Amino acid sequence: MGTYEMTLNSTRTHRRAAGHEQVDMQLFADNICKEAWKDWPNEAGADELVETIKKKGWRTSVSFAQRSDPCVGIFAKAQSMFAPSHLNNNVALHRNLPGVASEAPPGAGHRTGSSKLFLATDTSILQDINPDTLESLGSRNQSQLHPDLDGPLSCAHPQRDPKTGDLFNVNLHLGRSPTYRLFRVSASTGITDILAAVSGPDIRPAYIHSFFLTENYLILCIPSSHFHWDDAKILWERNLLDAMKSFDKSNLCRWIVVDRHGKGVVARFSTPAAFFFHSINAFEEHVCDENIERTEICMDYIHFDTTDIMLSCYYDVILNRNDAAKKYWLQDDAYERLNPRLVRQRFTLPLSRQTPREAATATGMEVFSIPNPHAGELPTMTEMGRAEAGFPIAVGLHGLHAPAVA
Ligand SMILES: [Fe+2]
């Protein structure tokens with residue numbers, strides 16, 4: 001144990017295999033119990049946001065998670081509920097998005113090949129950024145791409161087709177009948193097409209940070225991070241996390257498979273209740289079974305058994321105010337259920353249209369799992385849609401710092 005602790009807690013490069021999983025998971029637990037993260041302060045810089053907070057006395061825009069003074073929070077909400085700010089939370093940076101006009105001056109970004117630069121978060125708003133100076137140039141809304149994309153929420157991480165450059169994302173319309181609209185923006189024409197509009201009694205509004213793209217399908221997973229009744233709750237709470245329901249095992253993950261070539265929804269299935277921020281990779285495999293060719297889809301992502309990991313994003317936990325981090329990670333051995341896993345879900349597409357009963361009862365299969373710290377968060381790959389062995393890069397959680405997921 002001592003040898004492994006010395007190595008994994010250092011900055012060297014280490015080769016770790018399945019045989020090390022148990023001892024390295026124990027190292028993660030030991031680091032948490034020893035509060036090793038106290039020596040790794042978190043710092044973040046966002047000048048415009050800090051200035052706004054200083055000026056207004058609180059954060060006026062919809063944020064991911066916020067606990068504010070109850071008096072300031074409640075009364076300021078009442079005053080500004082109907083005039084929400086459009087500050088972007090700067091979660092993901094995207095360049096040269098098709099179909100979205102930029103105010104960047106002619107020739108901007110020529111040295112990096114990024115003539116248009118946008119900041120995205122989990123809303124339908126994109127912030128236009130000068131590629132040379134990073135100055136804010138205003139905001140764009142997905143409804144400018146297509147009038148039906150009028151919902152307030154989206155995924156911070158859209159998908160791009162590596163060959164065509166087409167952009168894919170999801171717009172969530174809240175309210176009495178929550179509707180997910182999955183859409184494509186053509187890189188060659190700039191035209192936006194809605195590939196599917198999904199709603200119904202089993203389709204709940206949820207916080208979704210990313211999704212999956214294969215050669216022929218767009219795959220949306222609605223995890224167990226459900227919101228309360230409608231968008232009024234989010235406007236009132238002014239942040240997404242406080243508007244979320246408590247984790248409930250009966251709220252299964254609902255997967256929706258949409259054809260990229262105009263056939264709409266081709267399959268639905270479910271997996272046990274869980275949560276994820278980040279997809280990693282997705283691909284199709286074609287298998288022949290008794291002379292019948294079937295398509296299997298595989299989705300890799302960073303899986304959490306519950307939604308509890310999102311509570312680590314509160315400032316008091318990140319900053320360890322009044323021992324909040326200690327309570328969060330150690331109470332009831334919380335770190336055991338907060339440990340992420342790299343998971344692959346596999347599902348065989350039906351040969352014909354599913355009946356409503358089949359759609360409600362079909363299930364995916366978890367075919368492998370790699371636990372943290374051998375897999376971590378913020379995964380990336382150099383090329384999406386690879387069926388062969390890929391090498392995702394991620395940040396392992398070793399219990400040396402309080403994680404902040406973007
Ligand atoms: Fe992210």
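Just so you know, glycine gets a Cβ as well, placed from its N, Cα and C.
Please treat TrEMBL annotations as automatic predictions, because they have not gone through curation.
Quantities reported herein were computed from a predicted structural model and do not represent experimental measurements.
The feature Fe cation binding site is assigned by TrEMBL to His157, His209, His278. His209 (Fe cation binding site) falls within neither a helix nor a strand when secondary structure is assigned with DSSP, and so counts as coil.
Taken from TrEMBL, the feature compositional bias 'Polar residues' applies to 136-145.
Broken down with DSSP, the region 'Disordered' (136-156) shows 3 helix, 8 strand, 10 coil. As annotated by TrEMBL, region 'Disordered' applies to 136-156.
In this structure, His157 (Fe cation binding site) belongs to neither helix nor strand by DSSP; it is coil. Taking all protein chains in view, 21 other C-beta atoms sit within 10 angstroms of the C-beta of His278 (Fe cation binding site).
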